[in-house]
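Asks: One structure, pasted below without further comment.
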Amino acid sequence: MESFTADTNSTDLHSRPLFKPQDIASMVILSLTCLLGLPGNGLVLWVAGVKMKRTVNTVWFLHLTLADFLCCLSLPFSVAHLILRGHWPYGLFLCKLIPSVIILNMFASVFLLTAISLDRCLMVHKPIWCQNHRSVRTAFAVCGCVWVVTFVMCIPVFVYRDLLVVDDYSVCGYNFDSSRAYDYWDYMYNSHLPEINPPDNSTGHVDDRTAPSSSVPARDLWTATTALQSQTFHTSPEDPFSQDSASQQPHYGGKPPTVLIATIPGGFPVEDHKSNTLNTGAFLSAHTEPSLTASSSPLYAHDFPDDYFDQLMYGNHAWTPQVAITISRLVVGFLVPFFIMITCYSLIVFRMRKTNLTKSRNKTLRVAVAVVTVFFVCWIPYHIVGILLVITDQESALREVVLPWDHMSIALASANSCFNPFLYALLGKDFRKKARQSVKGILEAAFSEELTHSTSCTQDKAPSKRNHMSTDV
């Protein structure tokens, strides 16, 4: 086996394969989202937050716009990360912060949309109660609770994200306790393993989702269909190698490096070997004995027999946080809110049909339904890909089809951040009047407090000035 020398460590990023179509599409989507979303959401924040009269609806959509604006602020880092093909030059703090912002946008948006749906449902079915209890202060309190829950849901991303540094190459990924799970393992291998043919794919987008394991046979390491696999590093308290080798070893969060025993591609940390060799301080099986010296790479992929990865057993140590994060995002951030919203809007439609008021011109209801629809269209691919990567077999044909679209689904989810301002403009008033309408007028029409009247409202409402004025809160 040819030894690894310093010359092989000088692989230039520009010498790697050209971007795949999925990478180019992701960069285009993210760039357009940033270019359109920042001014669009910024304008809505300024007008709705400063120029417009404060109402319950403006509070809802103001906080929703704030979540979108924060997400758009993080997108330039994601685009640069994609261009750099996995290299993360921004340090440990932003490695934790940027992926957390993307997840923050998801949870804040879905929770606020759920609150808006419940609010609209109550206005249709309990109009008198809403006139007496629905207020701007209550809306602010609900939004405050939404942000608290949202930050709690982002804690796992902030805690488990870590920075792996090998020489001058940094990778931002997930770190589950004593094992290191990192995205973009193919480029880390490609940078240090010159004898292996370079992969035909490229990576880069910040993956805010934990990636499942990839126990790929050695012959398939460089033909994987995606680079959004994780890289798992397992360390041992005992150092079977010389201290000189530490200079080549990866280290985490800028801390001094620990000696790397083995490098195995896969999203789930490798805790044990079926032959129990880890208990004796050795990671590799008896028939695999690659050496690691100061002038050698961590491990050559072709040193692993084809059946070596089949001998690995993944511990529950990382399975628990990884699957828990994926499932919690699906259930709390998608399924439960989706069920609540479908129920609310179904009840609204049922009441409107029952009272023969299907042509009621409730502008805010139309805006809310449109925003909810766009949100779920953008985020459905993200959750589908995440679940499929968890449940599919490592060598299944379905997995090979899904993997190339992993970071594309993240780009599409991020694109949701730029759509809402345009929905407000298109649905607020008749489109033919938009050109002559000021931004304030458009948003006032979109966020109007016009109630969807029901039979009970018509029969029970009091013709008092107080009740009349309370509809504009």
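Think of each number as a place in line: the chain as shown, counted from 1.
For all residues, glycine too, the Cβ spot is worked out from N, Cα and C.
Remember, it's a predicted structure, so these values are computed and weren't measured experimentally.
The disulfide bond annotation in Swiss-Prot covers C95-C172 and rests on sequence analysis. Under the heading phosphothreonine, Swiss-Prot lists T452. Residues or ranges marked as region 'Disordered' in Swiss-Prot: 233-252. Among the features that Swiss-Prot reports, topological domain 'Extracellular' is placed at 1-23, 81-96, 161-329, 390-406, with the record citing sequence analysis.
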Asks: Tell me, how many other CB atoms lie within 10 A of the CB of C95 (disulfide bond), whichever protein chain they belong to?
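Replies: A 10 Å sphere around the Cβ of C95 (disulfide bond) contains 23 other Cβ atoms.
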Asks: Return the average pLDDT for the topological domain 'Extracellular' (81-96) as a whole number.
Replies: 88
Asks: According to DSSP, which kind of secondary structure is C172 (disulfide bond) found in, if we only use helix, strand and coil?
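Replies: Its secondary structure by DSSP: strand.
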Asks: Looking only at the topological domain 'Extracellular' (81-96), how are its residues distributed among DSSP helix, strand and coil?
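Replies: Residue counts in helix, strand and coil order: 8 helix, 0 strand, 8 coil.
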Asks: Ten-angstrom check, please: count other Cβ atoms within 10 Å of the Cβ of C172 (disulfide bond), all chains counted.
Replies: 27
